[in-house]
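Features of the protein shown, as given by TrEMBL:
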| type | residues | note |
| --- | --- | --- |
| DOMAIN | B:25-571 | domain 'Cytochrome oxidase subunit I profile' |
| TRANSMEM | B:42-64 | transmembrane segment |
| TRANSMEM | B:92-122 | transmembrane segment |
| TRANSMEM | B:134-157 | transmembrane segment |
| TRANSMEM | B:189-214 | transmembrane segment |
| TRANSMEM | B:226-254 | transmembrane segment |
| TRANSMEM | B:287-308 | transmembrane segment |
| TRANSMEM | B:320-340 | transmembrane segment |
| TRANSMEM | B:352-377 | transmembrane segment |
| TRANSMEM | B:389-411 | transmembrane segment |
| TRANSMEM | B:423-449 | transmembrane segment |
| TRANSMEM | B:461-488 | transmembrane segment |
| TRANSMEM | B:508-531 | transmembrane segment |
């Protein structure tokens with residue numbers, strides 16, 4: 001059933017906000033069913049991510065933080081305490097061996113947030129029915145999304161391969177303690193700290209990355225349909241707006257993921 | 001039974017209707033986007049699942065009631081799950097309990113109840129052509145279908161289905177070596193549930209959006225039937241709580257298959273330590289019950305909503321406290337999210353936290369009591385017609401009260417230490433949410449069968465079905481309270497080898513089992529009635545229950561788009577029954593006040609001037625839009 005934004009009231013937004021907006025026979029607040037559905041999906045997805053971040057918080061605070069008074073003045077990776085993020089994420093491509101804490105992830109975050117800006121511009125161009133501008137800004141948004149995903153792939157691969165020195169851990173095997181050097185992290189072991197740190201990092205950034213990936217796929221679809229003139233023929237660019245909502249949401253979630261994993 | 005009556009405002013619109021291309025069989029009956037067909041698909045699936053789910057419970061009840069029984073006769077069905085000495089395999093017993101819980105809670109009382117009646121009634125009662133998105137609605141059913149197929153298939157694999165209880169607590173569910181069903185059975189359980197959650201999400205956003213956007217002109221939220229309020233709040237509950245279960249099961253899948261330790265820490269198996277450290281099984285319980293508790297209300301609220309409607313209609317009285325009913329449903333929906341830890345009083349949670357959750361839990365008694373009170377006061381001095389639907393609704397109120405009372409006991413964190421995981425809990429939730437919701441479902445089927453299939457269910461068989469089921473359910477669950485207070489734990493295979501259980505209550509357990517078999521048998525009366533009436537039932541009339549809501553203004557068998565002409569406008573609330581001065585004892589929602597000067601109250605006379613405005617506000621009828 002296509003009850004779309006083209007209904008007659010949509011042209012006069014002041015009229016719908018009077019008492020009759022909730023009287024039935026009209027879409028309250030001028031929101032089409034598709035836009036409402038996107039909003040409710042986003043509410044639901046908020047809870048998916050909240051559950052994951054609560055999980056992160058609970059496990060994170062079951063470990064001690066690094067305390068110079070107990071563990072020594074110089075920070076070292078150890079599975080006894082939760083690592084300090086600046087020490088884990090301190091590399092930037094092509095600048096090997098230089099300690100640049102959180103610079104790369106900062107750039108990633110900037111790119112993603114900037115792609116939200118271009119998305120806003122695409123939505124705005126859609127309101128003006130300016131197909132050329134919609135195409136242009138959608139392309140920029142797609143580019144931003146792909147760059148973010150690429151950066152994340154590099155970040156992951158760096159995290160997986162680890163530092164040159166690795167970390168020496170003590171293991172209890174058949175009743176004997178043996179020493180072993182591990183490099184990088186996977187879902188079972190982790191040179192930077194407790195395995196749970198890597199588990200959560202992979203799961204939550206991976207889950208977010210999957211969202212970004214589906215966002216990029218949607219953006220490409222929207223770009224294609226806009227570029228081939230489908231929305232122009234339809235008379236409105238509401239799909240750009242709906243996918244835009246999703247894209248902003250994914251960015252917003254990243255802000256939280258970034259805060260939890262990299263800042264606190 | 002009601003006679004055919006013409007309700008004034010509806011006879012008119014037999015107007016011309018845009019011609020729709022007839023669709024292929026596949027699109028009409030299988031991959032249908034019509035909400036009525038999807039509702040029927042959910043109903044039939046729910047009925048099939050309930051037969052399976054209840055059969056499983058009868059099998060394990062036989063084991064509990066008659067531990068020495070020769071179960072050889074079940075071998076043709078259960079195969080090697082009956083061992084050489086003709087006994088039920090203990091591992092399969094656990095699987096039976098798990099699958100019974102999963103099937104009844106999710107597949108029958110969530111999908112079968114909400115899926116059927118939200119789909120069927122939301123568009124019909126708010127005056128919409130269909131759901132907001134027919135396509136997503138269809139997708140929702142087929143995701144559910146896929147989840148059903150996987151869950152069903154898991155019962156036939158060699159190692160058996162999941163056996164860790166419907167709550168799938170790790171580490172039991174996380175370690176494949178913990179039980180035979182912990183391997184592929186559990187994997188299939190998780191996959192099936194993930195698909196089920198997707199289905200719920202698609203359904204839920206559709207229900208909410210439809211209620212907000214597609215109400216017909218005049219149908220403000222304060223004129224919505226209580227059924228719609230209940231479905232709306234249920235959908236909101238599901239929308240917020242199911243994603244948390246999705247996260248929880250995804251983390252569990254990673255723990256099971258990819259070596260992570262979200263829920264696992266310091267576990268020894270045969271003296272060998274597992275490598276997992278750092279996780280917390282309590283974390284899973286928190287995540288699970290954040291869904292699990294709202295789930296109780298996801299199951300119960302639609303039943304309460306339909307009961308409100310049926311009781312008001314058949315008492316020929318306005319529902320007592322319409323706004324109080326809405327407020328109490330909102331209260332229940334809100335409280336549902338902040339009481340989850342009362343399921344975890346004995347898991348080692350901080351006792352101070354326990355007392356907070358106890359306090360919040362006991363507050364639920366307030367809105368619940370408001371509802372029970374309002375049902376009774378609606379019945380009070382009503383002109384009651386005991387249709388089968390009405391009997392089932394009254395039965396629901398009875399179960400809601402007797403099960404709710406034990407909720408007050410269990411909600412106390414101190415009393416819960418004794419009663420936790422005993423048959424007292426089993427009795428409590430089976431009455432208050434299991435039987436009550438099942439009665440809501442049955443009441444709904446009896447009440448709306450004429451609208452769904454254009455025929456009436458047989459009333460005599462309905463009475464027999466009601467009394468056998470009502471008595472049967474009390475015979476099953478009432479004695480369980482005693483067994484539970486005596487300390488009998490739930491989910492145990494047999495009580496024959498423990499000193500504190502082996503000499504007592506064997507007769508009571510046999511009695512409960514016999515009652516369970518009796519109640520299960522009684523359901524075939526309904527099955528027969530359902531199938532028989534589907535083909536041979538008495539033809540339904542336009543408005544067999546003389547009801548006020550909009551679905552009875554559609555043709556007897558509504559076609560695609562529900563109303564042949566324009567969608568009727570709504571002028572009054574849905575509970576104008578036995579209004580003083582009116583010539584009938586009901587005035588449908590689409591009758592304007594200007595046509596009923598004899599019964600209008602002073603403030604209603606003032607509303608006559610609004611009627612023109614309401615009629616003009618016809619802006620979301622989808623058939624006016626290209627599609």
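Any Cβ shown, glycine's included, is placed from N, Cα and C.
A quick note: this is a predicted structure, and the numbers were derived from the prediction, not measured.
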Thinking of Cβ pairs under 8 Å, which stretch from B:42-64, B:134-157, B:389-411, B:461-488, B:508-531 has the most of them with the transmembrane segment (B:189-214)?
B:134-157
Short question: which residues 6 or more past the ends of the transmembrane segment (B:92-122) have a Cβ under 8 Å from it?
35-36, 38-40, 42-43, 45-47, 49-50, 52-54, 56-57, 59-60, 63, 78, 81, 128, 131, 137, 140-141, 144, 147-148, 151, 155, 160-167, 179, 181, 185, 189, 193, 196, 199-200, 203, 207, 210-211, 227-228, 231, 234-235, 238, 295, 298-299, 302-303, 306, 433-434, 437-438, 440-441, 444, 448, 451-452, 491, 493, 551
Which residues of the chain, 6 or more past the ends of the transmembrane segment (B:287-308), have a CB below 8 A from one of its CBs?
105, 109-110, 113-114, 117-118, 167-169, 226-231, 233-234, 237-238, 240-242, 244-245, 247-248, 251, 319, 325, 329, 332-333, 336-337, 339-344, 371, 374-375, 378, 393, 396-397, 400, 429, 432-433, 436-437, 439-441, 443-444, 447
Two-stretch contact, the transmembrane segment (B:461-488) and the transmembrane segment (B:389-411), at least three Cβ pairs under 8 Å:
yes
The transmembrane segment (B:226-254) and the transmembrane segment (B:134-157) contact flag, 3+ Cβ pairs under 8 angstroms:
no
Under 8 Å for C-beta pairs, could you tell me which stretch among B:134-157, B:320-340, B:423-449, B:508-531 has the largest tally with the transmembrane segment (B:42-64)?
B:508-531
Positions on the same chain near the transmembrane segment (B:423-449), where near means CB under 8 A and six or more residues out:
43, 46, 50, 104, 108-109, 112-113, 116-117, 120-121, 296, 299-300, 302-304, 306-307, 309-310, 313, 387-390, 392-393, 395-396, 399-400, 402-404, 406-407, 409-410, 455-457, 462, 465, 469, 473, 476-478, 480-481, 483-485, 488-490, 526, 530, 533, 537, 545, 551
